[in-house]
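Asker: Dumping the structure here so I can ask a few things about it.
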Amino acid sequence: MTGVTGTEDTKVIESKINELNIDKSKPEKTNKVNKSDDVDNDDVDNDDNDDEDNDDDDDEITESGNSASSSGDKKKKKNKNKNKKKKKKKIISIDSSYPEGIFPEGQWMEYPLEDINSYRITSEEKRYLDRQQNNKWQDFRKGAEIHRRVRHKAQSSIKPGMTMIEIANLIEDSIRNYSNNDHTLKSGIGFPTGLSLNHVAAHYTPNTGDKLILKKDDIMKVDIGIHVNGRICDSAFTMTFNDEGKYDNIMKAVKEATYTGIKESGIDVRLNDIGAAIQEVMESYEMEENGKIYPIKCIKNLNGHNIDDFIIHSGKSVPIIANGDMTKMEEGEIFAIETFGSTGNGYVLPEGECSHYAMNKNIQHLKPPSERSKQLLESIKQNFGTLPWCRRYLERTGEEKYLFALNQLVRHGIIEEYPPIVDKRGSYTAQYEHTILLHPHKKEVVTKGDDY
């Protein structure tokens, strides 16, 4: 991926310096983000790039160019500048960095079967057909580039002591800004931001009023979904803040297992074979805590999945254990390859207050039981369609006093709920995930970045 660095602010200063024949001795600061990130599009909180800093520089240039200025005037200006309130630089839409609509490709990988791979590479017809889907691939690549920048912001900003609401808002506001679009069905958030802690493996995002605070010894799964025209990029990573390396082994196990799953994936590959390879890697690791050894287990009832337009789980499940599923991956399919490791039972159950919801794809024969639930369903259709959502997103659309109607829709099977899923208390879980595109000749790990 190509690096792009924003330079508009420094050009203003340089032109003033040239006019005054003053040497510029201080080098410009830049921030490297996944090779493709530019300053304009990422560092919202970078004070070195604030507009107020540029005002300070202009004042200094004026002072040094005007020999008649008194030292008293200089001091007043400096004091005035010190008292100025810093402004945060707004994130700019991702489109401004790629005005031609051509976004960075992901990591290309060969398919595992050499005979299949050889056929695909030499088939000009297949390559031609793949090019016909360029708009589709560009949507995924755009979403992936937003994902890389958003998670860079998250990784550099999230600290113990923050509330889960603050963390969720940080991530989701970044997605909205990069997407530059408030219409959820055009582009933006693909599903609720997962921020599951410790023994909670997935499907936790804070509801309004949640007071939960991130602690230094927590292990947090950050699952972010971004879509462009319904093409969903699904990618997750795990964050820890313990300085003693307590979670190093479980994170290494899960990351290596995920990349094993990606390596084994491909056209005509059986899902069982992918799961068997993942399981072998994952269960070769163990974790030590307080002198006790815990084997790291695959969470057997959690899987990867294929993705369709506006549908995050489209029907095929990619197991993380050998489960006997002889279903094959097919050309043109999109898969989220994700693995979960645990020091607990390796099996999760629903527990806790629900925050995740999605509309049932097959509701033609189902009718809302009340006028209020009918109104709520129409709002859900207009704002989210079949994309998953959470209560906070519903409230953002202006909905109030909706819980009774929402529960009615759930009871009648019109809306499906996805509560947090947990292993046994006291255990630890980790997750890594990438979205892959199965092109005719190679696979593309579209969400791959420098971080994972």
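Cβ from N, Cα, C; glycine included.
Below are the features I grabbed from Swiss-Prot:
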| type | residues | note |
| --- | --- | --- |
| BINDING | His203, His313 | substrate binding site |
| BINDING | Asp223, Asp234, Glu433 | divalent metal cation 1 binding site |
| BINDING | Asp234, His305, Glu338, Glu433 | divalent metal cation 2 binding site |
| COMPBIAS | 8-38 | compositional bias 'Basic and acidic residues' |
| COMPBIAS | 39-62 | compositional bias 'Acidic residues' |
| COMPBIAS | 74-91 | compositional bias 'Basic residues' |
| REGION | 1-91 | region 'Disordered' |
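Distances, neighbours, how buried they are, the whole picture for these features please.
Answerer: Under the three-state DSSP scheme, His203 (substrate binding site) falls in the coil class.
DSSP assigns Asp234 (divalent metal cation 1 binding site) to a strand segment in the three-state reduction.
The DSSP secondary structure for Glu433 (divalent metal cation 1 binding site) is strand. When other Cβ atoms within 10 Å of the Cβ of Glu433 (divalent metal cation 1 binding site) are tallied across all protein chains shown, the result is 24.
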Asker: Near His305 (divalent metal cation 2 binding site), meaning Cα within 10 Å, which of His203, Asp223, His313, Glu433 (binding-site residues)?
Answerer: His313
Asker: Between the Cα atoms of His313 (substrate binding site) and Asp234 (divalent metal cation 1 binding site), what distance do you get, rounded to the nearest Å?
Answerer: 11
Asker: Enumerate same-chain residues with a sequence separation of six or more from His203 (substrate binding site) and a Cβ-Cβ distance below 8 A; give 'none' if the list is empty.
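Answerer: Same-chain residues close to His203 (substrate binding site) (Cβ under 8 Å, separated by 6 or more) are Gly194, Ser196, Ser355, His356, Tyr418, Pro419, Pro420, Ile421.
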Asker: Within the chain of Asp234 (divalent metal cation 1 binding site), which residues six or more apart in sequence place their C-beta under 8 angstroms from its C-beta?
Answerer: Gly190, Phe191, Asp223, Gly225, Ile307, Ile312, Ala336, Glu338, Glu433, Thr435, Thr447
